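In what follows, a single structure is set out as structure tokens and then discussed.
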Amino acid sequence: MKIAVLPGDGIGPEVTREAVRVIEALGLGDIEMKEAPVGGAAYKAYGHPLPPETLEIARLSDGILFGAVGDPDCDSLERHLRPEQAILGLRKALTLFANLRPARVFKGMEDFSALRPEVAGAIDLLIVRELNGDVYFGEKGFRTAANGDREGYDVMSYSESEVRRIAHVAFRAAMGRKKRLCSVDKANVLETSQLWRDVMLEVAKDYPEVALEHMYVDNAAMQLVRAPGNFDVVVTGNLFGDILSDQASMCVGSIGLLASASLGERETEYGTFGLYEPIHGSAPDIAGKGLANPMATILSAAMLLRHSLGLEVAADRIEAAVAKALADGVLGRDLGGTAGTTEIGDAVLARL
């Protein structure tokens, strides 16, 4: 089993270090972790945010543990050389098409949510977002109409095969949870969404144990605030998923607890190849000070073990240890506590 560790910039190296410690402490044996530079750190050393050697290490792995990229020193570089291009390059080169964003309020964390504690406490959902299609990747541009009026346009489109592959990811995720899947679209006005809904219904026949429901995106946004506990797995397109996943993040209350996965088409010997990262950025203002909360990265490592290495029990152990540490009051500064990066890592290790 091979894990590519790409720490990146800012607090990336600090938080990935704690996640690596947790993986090592599990005593799983046959896991090889190989570190490689990425982002601004890679540009400064090799002249490119995603060196060929780093990409090759990523390709040969079963899963990637990614820290964060972003360096103020690189802000004046040409766009293709900026640190952020590393993650975009990895997604494209490795055909990562399915973003998994869990949103869970751990016991004792209810007051950090923007919602009432009794509502927030019920949140435990997973948003599955398609990454490679939709309006972000359609034809776009500017044009001048016959009357001289300037127009901007972006074409929203999905192919049946694109919808089908994300549908299978979502149904499989639902099979491992409460067997409930909500497909979010806008089929009452968009042809793209009508195709989306048709394909979801077809794929549902392969998963008779999963209860599928459909919801318009405007209603989904309301229900996510009104009764988030009613959701288990949510699957949606790129644009809607971009918005809903950030909304779900605020329902949780702190990005320091939010992990994510981007899965590809390749099946490894143990699971599905993917890239795993916290949703927070590189936070250069606190880099190197031991202040960053590594829990999101540790939870990302748990997702890697579950989805790419097939180590469900090990992933459960990590998540339980994080939950116990939070319940015991081990809080980073993002949660109003005083615990530093290493202290939080030690607390999780002690509760494995």
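Just so it is clear, glycine is given a Cβ too, placed from its N, Cα and C backbone atoms.
Here's what Swiss-Prot has on this protein:
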type    : residues                                                                     : note
BINDING : R91, R101, R129, D218                                                        : substrate binding site
BINDING : D218, D242, D246                                                             : Mg(2+) binding site
BINDING : G281, S282, A283, P284, D285, I286, A287, G288, K289, G290, L291, A292, N293 : NAD(+) binding site
SITE    : Y136                                                                         : site 'Important for catalysis'
SITE    : K186                                                                         : site 'Important for catalysis'
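The most crowded of the recorded positions listed here (K186, K289) is K186, judged by how many other CB atoms sit within 10 Å of its own CB. Counting only same-chain residues at least 6 apart in sequence, those with a Cβ under 8 Å from the Cβ of A287 (NAD(+) binding site) are D9, G10, I11, E14.
According to DSSP, Y136 (site 'Important for catalysis') sits in a coil region rather than a helix or strand. In the structure as shown, the Cβ atom of A283 (NAD(+) binding site) sits within 10 Å of 21 other Cβ atoms.
Across the fold, the C-alpha of K289 (NAD(+) binding site) and the C-alpha of R101 (substrate binding site) stand 28 Å from each other. Spatially, by CA atoms, the binding-site residues R91, D218, D242, N293 include one closest to K186 (site 'Important for catalysis'), and that is D218.
Separation of the C-alpha atoms of R91 (substrate binding site) and Y136 (site 'Important for catalysis'): 14 Å, rounded to the nearest whole number. Put simply, D218 is the one of the binding-site residues D218, D285, L291 whose Cα lies nearest to the Cα of Y136 (site 'Important for catalysis'). Listed in sequence order, the binding-site residues near D242 (Mg(2+) binding site) (C-alpha within 10 Å of its C-alpha) are R129, out of R129, D218, G281, A283, D285. The highest number of surrounding Cβ atoms within 10 Å, among the binding-site residues R91, R101, R129, is found at R129.
Each residue in V217, A221, L239, F240, G241, I243, L244, S245, Q247 lies on the same chain as D218, D242, D246 and has a C-beta within 8 Å of the C-beta centroid of that Mg(2+) site, without being one of the site residues.
Across the binding-site residues listed here (D218, D246, L291, N293), the residue whose Cβ sits among the most other Cβ atoms within 10 Å is N293.
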